[in-house]
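Accompanying notes for the structure given below.
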Amino acid sequence: MLIEERILTLFRRNCQHTLTYWSVFFSFGLSIAFLGPTILDLKCQTGSTLQEITWVFFSQQFCLLIGSSTGGVFTKTLFGALIALFLSSLIISVVFAIIPLCYNVLLLAVAMAVSGLAMGIIDTIANIQLVSIYKKDSAIFLQALHFFIGLGALVSPLIAEPFISEHCLGSNSTENATEVLLHFRSSYRSPVILPENSPHSEPVEEKASVSYAFWIMALINLPVPIAVFVLMYQEKLLPCCPNSTPRLLDKDELAMETKAPEITEMPEPHAADFHHSGHGNIFSCCMNGNMRGLPPTFFVIHILGGMVLFMTEGIMGVYAGFVYTYAVSAPMSLHTKMAGYLNCIFWAAVTAGRLVSIPLSYRFRPVYLLIVNLAGVIVTLLLLMILYTNRVFLFVGTTLLGLFISSVFPCIVAYTEDILNYRGCATTVLVTTSGMGEMTLQVLVGSLIQKKGSYSFLVCGLVTGCLGFIFLLSVILCNRIHRNLTGASKKAAMVEAPPAPAPPASEKAALEQKVAVIQPESIKCDSG
């Protein structure tokens, strides 16, 4: 059988919770991918330069970082987690609806900051909830969770592509900030006032179209908060719903519970019964009293694992955000419609890679998948640099990069949590540092493209990928040291612990007498 019956039974028991957490990651994917193909349209809509519109990325990623850092606060209770997911997914739909009304780059940055905060909360809560439910079996379900990011990120550029303007190019990263703005976005026909130094003598009018893409995405996202609301209703967490008795176990779950002492160390509880003692926001993690006396490697693994994601998620955010800009710039100079497909191909490859990684994570240890994936990322970026004028390989390399980088996040979360025996704050730290990577590298690369040209886009990606691989090797080495230290401390504790005193003779005789009395009774029960 492809997957053990025990895991399938555990999934069936927590099916509604799991599917709901997967669906909110679909909202996350919608929000993270639409900026790439629409960046030049939004630049024209707001009348800003490429460097100014880059700060919209920064505002989204900075608030995503804040949301990721504080999102664990809501996981103390199931009600807190679900109400936070409900509000966050609803906010994403609202932001999609109002983006076409943001004609100023500052207003657009504020809207994206609000969506980033919602995305960060979703990111932390969904990861923590799944890790808490499935623990050592979480790798498969985390891969599926991040598959839904790829699915949402694939849908987003597919919706946007038919509405991308062919007039608002502004593709050269070294162009002057006073470039001609030929495309103005609004819900009605409106003239564009061109700069005085424009070669065009008359204003250009064009019917708004990209607005419809955002409104469509807002409608597509609406079922997600509805799904979270339904889960809250099923769990009797709404104020209008009275509490009810816990549901009875079906025969498969009852069999798993009765066999659990023989198979596992402890039975798996229902998702609604979890109390997150180890996971929370990043600040409470740092002040957790349970971490006293732990070896230094415990904290170093948190940091190194976070740095791996800082680099890899930074590459993903940078590539998704700027591959369109890179493609329409020299020396590629692709047509805008053709370049718009790059985002679709990238997120389709990410989605396919995470789908393929679900069975692979069941067959192979996460560390092996991580080594192969990061090596593939480095080789792909190197080939993209060498063949930087080859348009065909740009599409091939985009596909390969998406496939290789797709499963790094769930693999490193599962690997790090497994090293630390699910007692640290690895998920919260990793999610937070990944947000920091996306925020920092997008601003850095956007500024470099503006100043040095589009080729710096690939150079930064290759350097970042190499650093990520070095940090991964450091995690593997630190894991070996950590196991030696924890193994030695356990042996020392066993040596220092005094042996249990033998019971007195009178108590021993009384105990034997009780056993002798109980045995005939058990025999009678069996025979009856």
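Each residue, glycine too, has its Cβ placed from N, Cα and C.
Copied over from TrEMBL, here are the features:
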TRANSMEM  21-40  transmembrane segment
TRANSMEM  52-71  transmembrane segment
TRANSMEM  78-99  transmembrane segment
TRANSMEM  105-128  transmembrane segment
TRANSMEM  140-160  transmembrane segment
TRANSMEM  212-233  transmembrane segment
TRANSMEM  297-326  transmembrane segment
TRANSMEM  338-356  transmembrane segment
TRANSMEM  368-388  transmembrane segment
TRANSMEM  394-415  transmembrane segment
TRANSMEM  427-449  transmembrane segment
TRANSMEM  455-478  transmembrane segment
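When each of the listed stretches 52-71, 78-99, 140-160, 297-326, 427-449 is scored by C-beta pairs under 8 angstroms to the transmembrane segment (212-233), 78-99 comes out highest. In this chain, the transmembrane segment (338-356) lies close to the transmembrane segment (140-160): three or more C-beta pairs between them fall below 8 angstroms, excluding pairs fewer than 6 positions apart. Counting Cβ pairs under 8 Å to the transmembrane segment (105-128), the top-ranked stretch among 52-71, 78-99, 394-415, 427-449 is 52-71. Long-range contacts of the transmembrane segment (78-99) within the same chain: residues 20-21, 24, 27, 30-31, 42, 67, 71, 108, 111-112, 114-115, 117-119, 121-122, 125-126, 129, 214-215, 217-219, 221-222, 224-225, 228-229, 231-232, 235, 237, 271-272, 274, each at least 6 residues beyond the stretch ends and with a Cβ under 8 Å from a Cβ of the stretch. In this chain, the transmembrane segment (394-415) does not touch the transmembrane segment (52-71); fewer than three CB pairs sit within less than 8 A of each other, excluding pairs fewer than 6 residues apart.
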